[in-house]
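Below is one structure; the comments refer to it alone.
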């Protein structure tokens, strides 16, 4: 009979349950640990399914076990709450905050056990209550070790495994041993636990699922504002002006033509706004002569939102390409072609060919395809799975160098579209300049500023500043010398 060494006896029971990345069980322990669940809702059923699949023995406490037993895995034991809390040391509380008080009758049986709070408040409840659900649960059961965990994981992710969802599970508690136990349990289920500290962090953990794309709010409002502005501007020029001054009804252009004219304007301006904050930051560093002073808050937030702004720019550019393909499919376009053919017949013109317009359109379309292709590359490398496979130099080259090339291509694309129209008096409808002239303002500023910073007098100074040089001070660096020697500093 083999004997167990003392080192094997010291190993925690839960840590024996290791799972592969796909959620399958990698090692079967000799003794199956028992975990309890209080609650019979959707999350409780998904949690039981995941725990059973990870090799745990699950006992579920329900107020009506006969009715809910068929909803849980056959390997899970469904019984009354009083019986479910007897043997497990770790018990998941999978119920809403208002139902916590119904467990007060089990206080004696729950004493000394680990209660894992998986609940999430609504947005109104989060604002109304000054304490988190986990802290409220801890106040009701002071003899228990309360741990906040698994509230950011959806029921679907629990059932299907963490391979298609976020693996991270924030965990916080005032009891280090209880927190360590839940950390090991999360690892055994195939998730990546994240220690968030004491139970005071539970309020922040509970706020995570309430956030709806927090990094996209400002960029989305910016894109929407630009779209409304340019759409209104194009409506006045292309639809309202012909109707009021020439009596032509062009309101049919609102769904497609006006939208297609607006989308490239939004995409072009958004792309320029991705690189404008870098120009502003470089100018501030040159003016201050140091990189160690904080940027203004508005500039810091702007720099943080560049990825979202760039992806929205690509989204608008892709929509513009799709709308452009749809233009020849419109009934109005077919009528215009027929009318043009009739006019040629009436004027006895058999050949209508303008060499300049042909070349302009060919170059215009080619530049547009190249610009969209560059934006596509920027969007793809923004994905975490792709970005993680690139080193810093590769990522910087794509996002910075190729991104600026895409901005230049978009600028030439816009200039080719405009050609000489900016100098024709008939293009100024209601005394308003053509739309493309407005879109050129910010990108041209960015391109000119970038070109200015390439001059040796600015580029060398900016490079020195970013390497730690300061205009009116010295930066001290501690050298890794022997302890017996005096500390040395280097002045830059």
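Keep in mind that glycine also has a Cβ here, set from the backbone N, Cα and C atoms.
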When TrEMBL marks a stretch as transmembrane segment, which of 285-306, 395-416 is it?
395-416
Where TrEMBL places transmembrane segment among the ranges 180-198, 199-217, 218-236:
218-236
TrEMBL lists transmembrane segment for one of the ranges 137-159, 436-458; which is that range?
436-458
Feature transmembrane segment in TrEMBL, mapped to one of the ranges 363-383, 468-488:
363-383
Residues flagged as transmembrane segment in TrEMBL, choosing from 309-330, 331-352:
309-330
Per-region confidence, the domain 'Ferric oxidoreductase' (265-408) (mean pLDDT, whole number):
92
Between the transmembrane segment (218-236) and the transmembrane segment (309-330), do 3 or more CB pairs sit under 8 angstroms, pairs being 6 or more residues apart?
yes
Taking the transmembrane segment (256-284) as the reference, which of 218-236, 363-383, 436-458 gives the largest number of Cβ pairs under 8 angstroms?
436-458
